[in-house]
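Feature list (source: TrEMBL):
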- 23-43: transmembrane segment (TRANSMEM)
- 30-477: domain 'Major facilitator superfamily (MFS) profile' (DOMAIN)
- 84-102: transmembrane segment (TRANSMEM)
- 114-134: transmembrane segment (TRANSMEM)
- 140-161: transmembrane segment (TRANSMEM)
- 173-191: transmembrane segment (TRANSMEM)
- 203-224: transmembrane segment (TRANSMEM)
- 286-310: transmembrane segment (TRANSMEM)
- 351-373: transmembrane segment (TRANSMEM)
- 385-405: transmembrane segment (TRANSMEM)
- 426-446: transmembrane segment (TRANSMEM)
- 452-473: transmembrane segment (TRANSMEM)
Amino acid sequence: MAGGGIASIGVNKERAENYNGKLTLYVIIACIVAAVGGSLFGYDIGISGGVTSMDEFLRRFFYSVYLKKQHVHEDNYCKYNNQVLAAFTSSLYMAGLVASLVASPITRNHGRRASIICGGISFFLGAVLNAAAINLGMLLFGRIMLGVGIGFGNQAVPLYLSEMAPAHLRGCLNMMFQLATTLGIFTANMINYGTSKLHPWGWRLSLGIAAAPAFVMTVGGMLLPETPNSLIEQGNKTKGRRVLERIRGTENVDAEFEDMVDASELARLVKHPFRNILKRRNRPQLIMAILMPTFQILTGINIILFYAPVLFQSMGFKRSASLYSSALTGAVLASSTLVSMATVDRWGRRILLITGGIQMIICQVIVAIILGLKFGSDKELSRGYSIIVVVFICLFVAAFGYSWGPLGWTVPSEIFPLETRSAGQSITVTVNLFFTFAIAQSFLSLLCVMRFGIFLFFSGWIAVMTIFIYLFLPETKGVPIEEMMRLWEKHWFWKKIVSEDQQAKNTNGLNHA
């Protein structure tokens, strides 16, 4: 039985080769419904930029920005610089940050489904409030409710997908969250393109349609089974095994079930997951949970996804052309995520992250050079250079879509032991939403101050994170989620930290004996 030393390193037997099961229709349907939570996140990312470029919306809520937009001689880089307008986008992410911390104990103690349902209800209410908004206060309160939904959904859905998926297909199925996110972004861009022609209420339709996936997420959450890991963690081993047999399509699940039982017994010894996650033995996972979402946002992807219509209009595109260009980037993002799903469990996480990083650096540098040489504060890009900029922005988005987009969520969700898994996911979501908030709130000002240099700023960060992945992230492809701890014990750098902590605990145990 697990003693003090064993409890510090997680499951103490490697049974992965004895895992049985296949990809069942039951798992596919459950993961599709759960991944709808990702579409909520994506829809909001895509809808914000389009709505904030619509004249009717600006006239009602941000009149000063509307007036500034009309001045043709206004500095192209600064015409949308308004902190209240930025708050419309960023308030959701600060609310989501707080909500993700609240969601952690709910997810651990009451199951993944409970958080998914809470997230769906909150997002539904937020969408209704935004669609019916008659003043700025109502608009921002609706955004906050959307943020609460995002916090709960992003905390629970990746965990749900990781725990339902077979180990050999976990990367692909977990990426359904990111695929749903990208489809949500693309859908939002296409809706914005259509509603921009519906005067004067098109923006209401754009914001209100978010209630549809929220409804699906809520109802789906009520119908979904709880994950076997969560059921066993809550003490319901019989039901947990029954669900495991159903989702694996076989009764021969002894090895995987024993891993889950061992993990749940260790998890019950941990009463304070957030305190436990700070211990030395969890240092590698904690660092990944902080840096992976940080780096994901510091790719600069949000300057494209949040403000694509605004950005393209700033470069001289007409309104319909800017919305069309942003819809194109959304389509590229969704299709590139399919590439990642098809290759992640064959090629692995590291190769996709590193190659994607290199491609993103090249694209951002080229865009910065073109804007620096051919685009000024009072002139528009020529048609030829505009097409080149859109092409390289699409190549940048494609690189993000097959690398840091999905893997920025997949890797943190699969590396934690059960006892700190919910807390670790909360940290990942919190950090992601904090930097999302920071970029959303500051981007318009940064664009005004840094101009084309903002692309060089983000490309520098991409270089840093690509080197980090090469040096410090072990390959997690095909490793059962309950045996992930052994990766850190074998890694050239992390083994020094993990093994030193384990040796110290064993020494203390002998001294006490």
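Please read every residue number as a count from 1 along the shown chain.
Each Cβ is built from the backbone N, Cα and C atoms, and glycine gets one as well.
Whatever TrEMBL says is automated annotation, not expert-curated.
173-191 is the stretch from 173-191, 203-224, 351-373, 426-446, 452-473 with the greatest number of Cβ pairs below 8 Å to the transmembrane segment (23-43).
When each of 114-134, 140-161, 203-224, 351-373, 452-473 is scored by its Cβ pairs under 8 Å to the transmembrane segment (84-102), the top-ranked stretch turns out to be 140-161. The transmembrane segment (140-161) and the transmembrane segment (452-473) are not in contact, since fewer than 3 Cβ pairs between them lie under 8 Å (pairs 6 or more apart in sequence).
Tertiary neighbourhood of the transmembrane segment (114-134): same-chain residues 34, 37, 40, 61, 99, 103, 106-107, 141-153, 155-157, 160, 204-205, 207-211, 214-222, 224, selected by CB-CB distance under 8 Å and a gap of 6+ residues from either end. Mean pLDDT for the domain 'Major facilitator superfamily (MFS) profile' (30-477) in the predicted structure: 84.
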